[in-house]
Amino acid sequence: MTDTIYPPSAELAANAHADKAKYDAMYAASVADPEAFWAEEGKRIDWIKPYSIVKNVSYAYPDVSIKWFEDGELNVAANCIDRHLETRGDQTAIIWEPDNPEDEALHISYRELHDKVCRFANVLKSQGVVAGDRVVIYLPMIPEAAYAMLACARIGAVHSIVFAGFSPDALANRVNDCGAKVVITADEAPRGGRKTPLKSNADAALLHCSDKVRCLVVKHTGGQTTWIEDRDVDVKALMEHVSPDCPPRAVKAEDPLFILYTSGSTGKPKGVVHTSGGYLVYAAMTHQYTFDYHEGDIFWCTADVGWVTGHSYIVYGPLANGATTLMFEGVPTYPDASRFWQVCEKHKVNQFYTAPTAIRALMGQGNEFVEKCDLSSIRILGTVGEPINPEAWNWYNDVVGKGNCPIVDTWWQTETGGHLLTPLPGATATKPGSATLPFFGVEPVILDPQTGAEITETEAEGVLCLKDSWPGQMRTVYGDHERFVKTYFSDYKGYYFSGDGCRRDADGYYWITGRVDDVINVSGHRMGTAEVESALVAHAQVAEAAVVGYPHDIKGQGIYAYVTLMNGVEPTDELRSELEKWVRTEIGPIAKPDLIQWAPGLPKTRSGKIMRRILRKIAENDYGALGDTSTLAEPAVVDDLIENRMNRG
Ligand code: 6R9
């Protein structure tokens, strides 16, 4: 099969930050002499104290240590706000589009952003938050989420955003793991016309946290909430009273900027730590090149700030570049399936960045929702979060982009801080479904999963690793450096292991084939199968559970749970819905199993390990090829699961 190739138009190449010749030359320079390359690129942000050491990295197991610009000092918020005041104080920094299209959008200028962030920072200080303290942010997609992030950065506090769709339990676990001093939340989160009671979720979570944790509440909808004197603080009211002055605090390049929890192959989410200097340089640089961002462009990333994509490409990257960034409170299908396109038309969006799951869902609604909107402002389309199937890619290209907008399929991770594999709009010919080529300074390698040897032939298939560091790389797992080393550097010594499988074609293009560990990707959200399993077995009537992913038309992967009930418990449809509800409340709606199959037994090795490989095959209806089943303790279990697969629902 030959792939269709879409080269950049001559016009785009001529006006872009990089054409092919520049990409080739700059890429070669970036890997030939990373120190010199990043010494120069580091200057794209302002330093209070310039760095003299650029890179100090060891991938050597077990003494992994990653430092960039380590003797430099800066302030991230000053880079995202203050340095723009003189030249673009009145330019819009953030356009906020509310859930309900009848409500008014906000245009927040850099000057206003400065005022709000300084006040928010002073509110944090008034609650005793000092540099190095952790602040959990549990907010909807409202401007206060960006103010809170930047306020933390301004005073050197470390934020940890918990996605507003997560349950009280998930919130409590994160507050406790990072030892947060305050939790910032809102009364309610409107989304798609419905309201989530965020404050009451926070109340429920805080029952399981130290009673010293303060709760800062943004009154957003004005909905009723309980109020605990001495613990709860009305943020907006206090912002009116505090001073609008808050000098940015100089922090070291390697001081943490944020912690973001993400799912791994074992039960407990990991607190991914990103630091200040390298992260900001990398977020800003990738935002500029990948989206070919130019002065005056309106940039829209549809992610939630609860995910890394929102951190790097709604807040830090765009604001460091002085862009206008759009923040959307709602969902793609409310009030109807044209909402994304209406917002693009209304705000004249130039770069639009979303996830394949949203593209597939909208594609299913028909072209008329797109065609009735004027999308002529859009120049670049982007995708992130999971592999995009060529059908969705082509629809995005033809129907949304009218064949004129390059698609940047960006492969990266919470751990990587910014794009690692991506086309550049003016430089890279694209192929539907491929994340194409490495960004500057990034050295991907494909290893044989069994031997760990690097496959040097151009055409290769195996696991995707990185040979050396880039400034946006995570530095550690919060509170557990050993886990960091074990997770990413122990399987393939000397490399960063991404957890993804990958193929490299004859042109050297990379094609991500999906996770090779027990992580599944549901609508672009990472779920550890172990997390869902431990939620299920926490139910009194469940004896055992095994969770795998299976192909799902819209979500990419769906969650398939095999559940063994306690002796004597009847499998009923009521119990099935109860378990679905149970997982929703234990973790959050995104973790609800799509299918539950009752399993009297699970296939295990003689040492008691569940053979998920077999369960995945059954979930995929691929039982002709179960592979080696000779190590099974009780082979009959498998026949039973195949026979009874129709009782899944
Ligand atoms: C940014 C983000 C990371 C995992 C990653 C991979 C998958 C992300 C992708 C992609 C194919 C792309 N992934 N982008 N797979 N093509 N363009 O999504 O971070 O939530 O940590 O997920 O998502 O499997 O390992 P995160």
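FYI, residue positions are counted from 1 along the chain as it appears here.
Cβ atoms here come from the backbone N, Cα and C positions, even for glycine.
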Query: Which one of Arg379, Arg515 goes with Gly385, Glu386, Pro387, Asp409, Thr410, Trp411, Trp412, Gln413, Thr414, Asp500, Arg526 at the ATP site, as TrEMBL has it?
result: Arg515
- request: Sort Arg194 (CoA binding site) into helix, strand or coil using the DSSP assignment.
  value: strand
Among Arg191, Arg194, Thr309, Val537, Lys609, which are recorded as recorded positions, the nearest neighbour of Pro387 (ATP binding site) by Cα: Thr309
Query: Can you list which of these binding-site residues (Arg191, Thr410, Arg584) have a Cβ closer than 6 Å to ligand 1?
result: Thr410
Task: Between the Cα atoms of Arg584 (CoA binding site) and Thr410 (ATP binding site), find the distance and write it as a whole number of Å.
output: 30
Query: Residues with Cβ closer than 8 Å to the Cβ of Gly193 (CoA binding site), same chain and 6+ apart in sequence?
result: Asp99, Asn100, Tyr334, Pro335
- prompt: Between Arg191, Arg194, Arg584, which of the binding-site residues has the fewest other CB atoms within 10 angstroms in the structure shown?
  reply: Arg194
Query: Just how spread out is the CoA site if you go by the largest Cα to Cα distance in Å among Arg191, Gly192, Gly193, Arg194, Thr309, Ser523, Arg584?
result: 24
- prompt: If you draw a 10 Å sphere on the Cβ of Ser523 (CoA binding site), how many other Cβ atoms land inside?
  reply: 20
Task: Could you check the binding-site residues Thr309, Thr410, Thr414 and say which one's CB has the fewest neighbouring CB atoms inside 10 Å?
output: Thr414
